[in-house]
């Protein structure tokens, strides 16, 4: 263990104080702790502890000594360790002793003497710091008029603490304690009296573990008599009635007879209802502070605060404003210096005067209704009435608006006379004044655009301080209604039709003429607008559609109805003469029928070279109409040779007649309708060949490649057409018609469909007792394993008359539907025509197809290397060809067989045979390779020589011997 020995001695006398370290456990430390010689913290801790115990003796000796004291600190260690001595001189230890002595409780009240005035409130704060115990501390206040024999005044924790005298004042609320924090409180004494002058002591009950520091503090309070006198310059306070811009002054007196050195501060306040504004203040330090909104007026000298004599203060306002109206108060406060700061000890206020700002009367009057002829001068007078006779200057502004409300947007300023009598106007407008209350506006060479409402705006400006101006009044006159009269152009408008259509696509031409114009109207320009109105019944509402409008600069703008047709050149608007406007429709349609009229507008030239519309004159409407009759188109077909046999030429002639169709041209289409008994395409209308209105022939759905030139359509006359079909086949049987369409020319090279008609039918019917063919499909392998061969036979049977096999030929096509039902479209597999040419379609899988004729009536389809995708329904389509007695081949109707379903199965043994053989082989090879690797490793790589140790052979001992 180590022991710290503290010793204080005088170097001169050698006297030492008692060492308390032997009884203080905080001075003993463990040997494992850091070296005390090299650590100042344990030493200081020991010193502070010792100073706290012996604080009184040490501090007294330390304070009254005049020699250097030394503090010896000896550190005793183990017997084998040397003793260390630490010496600290007095001048180096002073801060350490003070810190040790000041660690206790500290109670503080304001230092110095507090000065208050009779009738004011006394507030003394008190706080405590560096204490132990709970955070919230209690306070006791005592009072003594002479500084001794304190009487209990108030307490925060003991209700019976105050004496009877102060108990009554506490109950009346004249004395109260207000806690501001857990460690701070304020003593409030309202309406301080001279008897309250004396010493006030604030003390705190101890909550510390040991008694340390100070527990009370005292402050002296002086109570002065009320020596401040504040009053207005006149009683009762006057009421000032002013006009805006007039000056006014207010005065109040303030003086103090205090025996101490005090300063006065003065503030002028303006009260308007509940609102209060600070005007200008003079602080206790002699500085001026203008209130909010008065800064500019104060710096320009408009608001001033002066002293008059020794006790009078004057507020001067050079120009009164409307905001200066209200009640003015003079607020005076007295200040005294305390502890280096200024403290307000009392404040008084007095009502000085009430200022009323009378509004300035200002009126502006102008004539109500004025009429002036076009080209003359407009003279308007604005008369001003006001009650101001001082130095005010008017500012007059004339404005113009299209509406009687001058506040709406759109009004413009015509001329302005500012307060310096400078005129701002345009060359055609003048502004002058005959006297100070009459102002004239002169507008030269008026026109229609000058009609409207004129206003006179008047503002009065009063001079302010430092050559400034402020507006004191403003007025706007009632509007002066000005109407400009002029002589409208006098003319008539007539509309006639120079060309009237009789049919659709005929031209239409209308002429709009202006007549009875006067030669003196040189500044008038005429434009036209064209309108269209449909023919309606008398009880229907008729709306007009704008076709085109011509602007004042003769710019043409189209309406929605005519824009596209005008761009295409179908509508033409023109002006051929100075008084005539033309409108032409190149090709009139049925939609163009209706009423047309024109509107001629007169435009008058203004003095600024602009044009203003002055008049519109409407013409009477012209009706464009022609009687509409339904177009009639009749087509008659006939057959010159009614009887013929298969292989002969079929001829049909179509005769066309039309009515109510202008310049018709015809297009012809030959159609064929199969008879009901034809199973291949029953009731199907087939387009064969056509000839258009320009005589261009086109094959429509004629698909017989062997007879490309077998059909001919030609124009015999303008209204007659002939159709021929060479080497007719039995499959050509059916009803044949001519479909004729009449076309009318439109816009030159264009054609419009007028009517369409269908001729009577001409039937081709072969009466024959030839053979009847049937087809069927047979397969010996309806269910196969994948990869096997699929064989399908298409067998044709012949019934009826016997036919030589050399006189028969067949077109055979095979189809398949790859689904369990017939819900999908059939897929063409392969085909064999009657000439023996085989065509096979491409497939996406690997199986191959072959098609061959095995006999006269049997055809074999084979699928080689069948796949899963080859399952489904298979059928064949057969088209027989029979040679006629004339030597030509006749095509019979196409026949279809019933489908046969083919199933493709998977061979499970073959599917798993090769994977199993490969797996067994790989397993065998890997096992042999593993054995080989293990054998080689054990003989060449991992072989070690091991010496066998000899063991002693001892016989076991018998149980008895053990």
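Glycine residues also receive a Cβ, built from the backbone N, Cα and C atoms like all the rest.
TrEMBL does not curate its annotations; it predicts them automatically.
Per TrEMBL, the features are as follows:
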| type | residues | note |
| --- | --- | --- |
| REGION | 1-29 | region 'Disordered' |
| COMPBIAS | 10-22 | compositional bias 'Polar residues' |
| DOMAIN | 82-212 | domain 'Ig-like' |
| DOMAIN | 232-351 | domain 'Ig-like' |
| DOMAIN | 359-477 | domain 'Ig-like' |
| DOMAIN | 489-619 | domain 'Ig-like' |
| DOMAIN | 771-896 | domain 'Ig-like' |
| TRANSMEM | 914-935 | transmembrane segment |
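When Cβ-Cβ distances below 8 Å are used as the criterion, the transmembrane segment (914-935) is approached by no residue of the same chain that is at least six residues removed from its ends. The residues of the domain 'Ig-like' (82-212), classed with DSSP into helix (H, G, I), strand (E, B) and coil, number 24 helix, 52 strand, 55 coil. According to DSSP, the secondary structure content of the domain 'Ig-like' (489-619) in residues is 8 helix, 69 strand, 54 coil. The helix, strand and coil residue counts that DSSP assigns across the domain 'Ig-like' (771-896) are 6 helix, 69 strand, 51 coil.
Mapped onto DSSP classes, the domain 'Ig-like' (232-351) shows 8 helix, 73 strand, 39 coil.
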